[in-house]
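What follows is a short report on a single structure.
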Protein chains: 6
Amino acid sequence: MRRADGRGLRELREISFERGVNRYAEGSALVRWGDTHVLCTASLEEKVPPFMRGDGAGWITAEYAMLPRATAQRSPRDAAKGRVNGRASEIQRLIGRSLRAAVELSQLGERTVTIDCDVLQADGGTRTASISAGFIALFDALRFMRETEKITEIPLKKQIAAVSVGKVGGRIMLDLCYEEDAAAEVDANLVMTGAGDFIELQGTGEGGSFSRAELAEIIAAGWNGIAEIQRMQRDVLELSEGERELFDRCV
Amino acid sequence: MRRADGRGLRELREISFERGVNRYAEGSALVRWGDTHVLCTASLEEKVPPFMRGDGAGWITAEYAMLPRATAQRSPRDAAKGRVNGRASEIQRLIGRSLRAAVELSQLGERTVTIDCDVLQADGGTRTASISAGFIALFDALRFMRETEKITEIPLKKQIAAVSVGKVGGRIMLDLCYEEDAAAEVDANLVMTGAGDFIELQGTGEGGSFSRAELAEIIAAGWNGIAEIQRMQRDVLELSEGERELFDRCV
Amino acid sequence: MRRADGRGLRELREISFERGVNRYAEGSALVRWGDTHVLCTASLEEKVPPFMRGDGAGWITAEYAMLPRATAQRSPRDAAKGRVNGRASEIQRLIGRSLRAAVELSQLGERTVTIDCDVLQADGGTRTASISAGFIALFDALRFMRETEKITEIPLKKQIAAVSVGKVGGRIMLDLCYEEDAAAEVDANLVMTGAGDFIELQGTGEGGSFSRAELAEIIAAGWNGIAEIQRMQRDVLELSEGERELFDRCV
Amino acid sequence: MRRADGRGLRELREISFERGVNRYAEGSALVRWGDTHVLCTASLEEKVPPFMRGDGAGWITAEYAMLPRATAQRSPRDAAKGRVNGRASEIQRLIGRSLRAAVELSQLGERTVTIDCDVLQADGGTRTASISAGFIALFDALRFMRETEKITEIPLKKQIAAVSVGKVGGRIMLDLCYEEDAAAEVDANLVMTGAGDFIELQGTGEGGSFSRAELAEIIAAGWNGIAEIQRMQRDVLELSEGERELFDRCV
Amino acid sequence: MRRADGRGLRELREISFERGVNRYAEGSALVRWGDTHVLCTASLEEKVPPFMRGDGAGWITAEYAMLPRATAQRSPRDAAKGRVNGRASEIQRLIGRSLRAAVELSQLGERTVTIDCDVLQADGGTRTASISAGFIALFDALRFMRETEKITEIPLKKQIAAVSVGKVGGRIMLDLCYEEDAAAEVDANLVMTGAGDFIELQGTGEGGSFSRAELAEIIAAGWNGIAEIQRMQRDVLELSEGERELFDRCV
Amino acid sequence: MRRADGRGLRELREISFERGVNRYAEGSALVRWGDTHVLCTASLEEKVPPFMRGDGAGWITAEYAMLPRATAQRSPRDAAKGRVNGRASEIQRLIGRSLRAAVELSQLGERTVTIDCDVLQADGGTRTASISAGFIALFDALRFMRETEKITEIPLKKQIAAVSVGKVGGRIMLDLCYEEDAAAEVDANLVMTGAGDFIELQGTGEGGSFSRAELAEIIAAGWNGIAEIQRMQRDVLELSEGERELFDRCV
């Protein structure tokens, strides 16, 4: 069985990561994941939030927003509405948590890396695209810190990637586009390490429930997708030999 | 092995639900879940949000907030800070999604039930307490609608309850208190039906990851806890014979 | 002549104060004043507002809010409306001023006690219930400060209680419930000391005026009510002998 | 005994009211009350707030603000702070209530008169100056309505004026300037009708209390001041014979 | 040809500047420019914005607002709307830039002068009236600084005045009133020095365009007006001989 | 003489316009103008602002924002700051005014076209790049309206483009990059039609003034740049023969 766009049930959309797309940011990546386009920048600041001062450890945080016309219908800007978008707030908390798990914060020094994920065009899966591309921008920012001798080694703990899986019309499908997502009975987002462990697992029944057997199927499909995305991340990062060993060690 | 408060690893805290605690609300419940106390009210309004008008269906939504001194340190009020609390926004979205899954919205008529969950005192697990007590307030509001002949039958689809499970010091524990939650390596929230299916599953590695085997253990512990909470919900609701059959049918 | 609920014109509703209802707060009290229920917590912080720094004196302030379903109709939360509630702001200023009059601020040290008054259910008289219960929470916070040796003596200046009085249907009535308040031609709030002096007196003609003779009658009725509330405060506080002498001295 | 500025204890500051100071407003008055200068405009709109629609009655409301440099120290604008000023909110509620008492709202038709009170320079007593000058602007707006045949008669119920009285250094003084107000032990604001009845009475002990005897003295001093201000209001309004009779009737 | 109000095409409205209208401000001016009335105060603070600290230089900034009934239709206050007025923000940036050009900031010391321009009544040209009167308030604040020996000499660089010019019904007109402004095809604001150089030139085609020849005509008309306003500024400032020389030098 | 980047004084940076970069928008263009990158989308809605309803005419408006890391230093998002950015508000008003001048609004029907200009990377000249690229997005939206038969002819009045000109180190330079802009003594933005008339002219002395002769030089340089940009706009728009005639007519 094939999907609307001809993909198989366990097939990812066409994904391309482009690095170094912003001349100012310490790391950046533009991901085109089907028709979902997200621009991620990693910005380094020599300070940490008030609650962490004096610990000697660093911090990684994320912000997520959509351009007004990223979607089929134009949405008003948050600033115009004068209030925070609950959905965006939830997503940026997820991105931040996921990417913090990639790094040994105690070895960053009192610095903050902010990952800005701005969705230029949205066709489903913007949060998982943001995490997967944010990892690339983050790794380049870590490289920048090593090159500028702020740190001596890259304190990578885990390679992180993410993908969505859903149940649509009774079938488990990998990497939902917007149309599939809107029709899904179950919607799950998986954030996993190179070893196939979970950083985050969120499964939601949209008006229905899902069984433990279905959960197992969702996880199997998701892990296959994530393994493929992690290969792409390694390729686009053009790892040096030492970095490749680092990745192999800290799966 | 026993926990700080003497509980076993798979043991819930002492939980009591009190119904009818607000004289105005169509349904209400105060839950005391260990030292976590949440006041839930269900408020009925004869209208639906703009995007649903004309569909004939109803809507269920939730709001969640903490009193300033619900916690060990007093927190400023949201209104004073002039901006929304990202954490509260995420939690109330979860509560709303979970309770919408309990009801066949198409049979409510163009009405909204708002579940307000106000945390009087917090000691971990406020979101799962809110969902479990919110279900009781919601069911009483549905009874009110039947008694006032707004609907002829209670359109219950699922009995819903929730619990937290975590990995603390390498061990999977049911129903974390705040101290355990703060030390947890993995933190999961499960929202499940009477049949043991998932409405929502959220697992987060706090600075670490968790394996698929650990996930299985988390789910097993959570389901045991949820089954016990569902028995308490049925008791406190003092189900009539017809309602008991309804619950049995719509697990 | 009797009122709707059977009370006499000069009779208070049934009032109960419960102390120690919050495990974290330095002082707390839940008052049930007829169907008006207010949860008051007193929170101690080791700092004062910027304009007072360096004076060596302390500060007492109050915040007041209603839960959305405290009233017959659900009201949106302030945070959702994105602006402060003028009525709440006025009430919390009154509570703060009244309770500051109870204490010799210069003997507190550079500390702030914040009295949070959260109305769980409202049936008229929420501001006077807040002041009367807030005094109890405040006194327990002062005891906490003495027990933890932050201060050596409790710097009480005045015992403070408050009550409402109104003119309804041409008659002066003590302690209006919501229904009476909504119909009142004159609405007054009295905050008084143990000696029967005023801390605050606010009388408002709602669409009408009131004469000097009526004012005298309002004051007489109010003072009787306040004397009774002050006896209840002393009882529930379970004063030690030394504290009883303190109260007697500082009426 | 004389005061800092040479006034007697029961003496008002020099007060001048100027009418017609805004070419657009339906009524306007600039009051110079000592060094307190307030510009009041009365603006007529052919609508009422949502909660009043369909009643056929009108509404009167007030807004109060200070220019940033109305005071010795410049204050940031509310818009810049992004939140409402609690003090201003309380004052504008008082002004609105007081001026609503002047008019038989049921005879206004579904119209709103907004009294804007903008303090150009503040030296104490801005709220009482606003009420006293706001009455003049309001009466001119009522005249405008009669002249443009929106109403056939001016629905005046009461002549309204206001003054402050305080206890400073143990003495009761009429009409406090800022310096006196800052030093006052008791601060009271009286809003009264032409007959000497109260529309509003607010007495506050600033860090102290006041007795019933002191209250009587405050009221006596205030009523003398208000009677004088009401004579000035009549003069500056240049009442026609019919209007003079109206004022005499509706004291 | 004459205009609606009888003026010639190159004629200013009647303009009067009144100094010293606020007893607290270090400088102040009330301008009545036809029916446009603006109250300007210059407030001195002994600090500069964060981005300038440590430079030893001063700062001049402006704020601009209209009273709600400054216009024919009452407008809600910014604070009530909960968001900044884009037009006001643009205007206050223009006023600030223009007045900063008047002063050698490096000789002010780390001080800020804030020019508040509050429009009491608006009939077109409020921004140019604000700049022209703001210059007077600013100069008096500089005198205050010299008199209080914060600075030894007045660091004036340029005398600044401003005027509007427009094309209405095909004709270039100086100093538009509101009615002309609303009908204008081209609307220009000129801010110029005593030497006739530009500080700021803003020309806007309102739904149309304007040619380079028309621009020349606009500039010629504007400069004539500005020269006249600068003579008025000098008169009202009652320059001492030394100040007159300073003005002559720093045109 | 050459500039830092090797350009001549009257030379534009390298500019490329890319059309159709957003799959949802009715028109879109990405401009890369040196290192300034702006994404413009034109969104069509079948409604107009309240103040225009019933006129039968359309409306064109613009919004402008920068991504947080568009600049060398990361800036917080507006939504996080909870207030509008004055600079952005001023710029989006300029873009809106400029693009409204391009179209005969009365022939659009009651529709709004919103031009969102989101700066992905900023190196000076973002507002002029936004106007020049916004014109392209707008024209494609007009084509969309003709193709979907909402209008029968494209109601173009003027071709619009914009450029900056400045005085840097005493020399007039076309099209400033950020480094030049920060050092400029005079900064001007010109918005002009195909005929070389002005839609908008804004010249600002940054801490200095500019003479009428310098203004003439600025205009000459700007017009040369704008003429070149207009040729690029025509090329990238791939005008049909009929459209080319339309452009020729409505310069």
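Along the chain as shown, residues are numbered 1 onward.
Placement of Cβ uses the backbone N, Cα and C atoms for every residue, glycine included.
Keep in mind that TrEMBL annotations are predicted by a computer and have not been checked by a curator.
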#### Entry: Further phosphate ligand in TrEMBL, beside F:G125, F:T126, F:R127, within candidate set F:R77, F:R87, F:R100, F:R171
F:R87
### Query
Judged by the number of other CB atoms within 10 angstroms, which among F:R87, F:R127 is the least packed of the binding-site residues?
F:R87
### Summary
Helix, strand and coil residue totals from DSSP for the domain 'Exoribonuclease phosphorolytic' (F:11-141) stand at 41 helix, 41 strand, 49 coil
### Task
Taking helix as H, G and I and strand as E and B in DSSP, count the residues of the domain 'Exoribonuclease phosphorolytic' (F:159-222) in helix, strand and coil.
17 helix, 30 strand, 17 coil
### Other same-chain residues whose Cβ falls within 8 Å of the Cβ centroid of F:R87, F:G125, F:T126, F:R127, the recorded phosphate site, in sequence order
F:Y64, F:I91, F:V119, F:A122, F:G124, F:T128, F:A129, F:S130
### Message
Mean pLDDT for the domain 'Exoribonuclease phosphorolytic' (F:11-141), rounded to an integer?
### Response
94
### Task
Enter the number of other CB atoms within 10 angstroms of the CB of F:T126 (phosphate binding site).
24
### Set of same-chain residues at least 6 away whose C-beta sits under 8 angstroms from F:G125 (phosphate binding site)
F:W33, F:G34, F:T36, F:V163, F:S164, F:D175, F:L176, F:C177, F:D181
### Residues F:R87, F:G125, F:T126, F:R127 [recorded phosphate binders]: greatest CA to CA distance in Å
13
